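Here is what TrEMBL records for this protein:
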- 31-197: domain 'FAD-binding PCMH-type' (DOMAIN)
- Arg176: active site (ACT_SITE)
- Ser226: active site, proton donor (ACT_SITE)
- Glu296: active site (ACT_SITE)
Amino acid sequence: MGSDAVLSVFTLHGVANIACDEPMKRHTTWRIGGPADYFVVPASLDELRGTVLAARHLGLPITVIGRGSNALVLDGGIRGVVVKLHDAFAKVDIEGDALIAMAGRSYVSAANIALRHGLAGLEFATGIPGSVGGAVMMNAGAYGKETCEVLEWADVMNADGEIERLPNADLKFGYRYSILKDRFGIVTQAKFALSPGDRDALVKQVKQWSQKRVESQPLAWPNCGSVFRNPDGTHAGRLIEAAGLKGFQHGGAKISDKHANFIVNVEEATAADVLWLIRHAQQVVRDKYGIELETEVRVLGEPISGR
């Protein structure tokens, strides 16, 4: 089926905000990635539902992104439909001691709103790039805290376009994991159970963490956040640094001089450059220490040879 016929199906399902062959490097924090066949930025819950139903009718896979962090889109791009939840899914409400945020909201922004209301529990999220939906899906965490510790429920759209409210236990959280990594479901909003706190003390803690990030992370270069999960009892960055790979460069991608668990795009890197570095770091750490580094970043799409 040609693209015009595909677009007509989306139109029949009420989908207006759709583009063809959209370069994904425009939508990832790494500034890397080939084109998405079809790219939708839904302006409403109804348009998201229409996208899901149209894609199912056409037999097209759906990939959901938010802020584009924690994702490496390969150079051949993504087949099927990419859905970006953005401004139309950014509403935040405070209800008593709880915060309800839509999935496209920046996790940092949601955490800062909690701070302004003197609510404790999301301070760790001020250091996590990405969206609320992505944070729920991967159980994002920092500073020894995880999303699952404060999440009460998440609304998730299923393949029929229906919304299911999943309580914390049903999401089967683990380290950088939820059941949504293994089954289809689009987080549309989430409720976080917080508690009253000393606003000045909370702000002071967040400022300390922010200063530490500035000093230790390569914030000036395009990156995806942490590349590898921390193995039990140690840190991926320390292992990579001890293996002598800090500052190692391949093509336009480089293992950061500041923090070895970050790979930065310094010279118009390709996804192939980044993948090479990932595999090289895994091999060197495996050979030196017998430890298998597992990636935290999602690898999406296909290489150029796959088109």
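Please read every residue number as a count from 1 along the shown chain.
Even glycines carry a Cβ here, placed using N, Cα and C.
What TrEMBL says about a protein is an automatic prediction, not a curated fact.
Remember, it's a predicted structure, so these values are computed and weren't measured experimentally.
Averaged across the domain 'FAD-binding PCMH-type' (31-197), pLDDT in this predicted model comes to 97. The two recorded residues, Ser226 (active site, proton donor) and Arg176 (active site), have Cα atoms 12 Å apart. Taking the Cβ of Glu296 (active site) as reference, residues of its chain lying under 8 Å away and at least six apart in sequence are, in sequence order, Asn70, Met138, Arg176, Gly225, Ser226, Val227, Phe228, Arg229. When each of the active-site residues Arg176, Ser226 is scored by how many other Cβ atoms sit within 10 Å of its Cβ, Arg176 comes out lowest.
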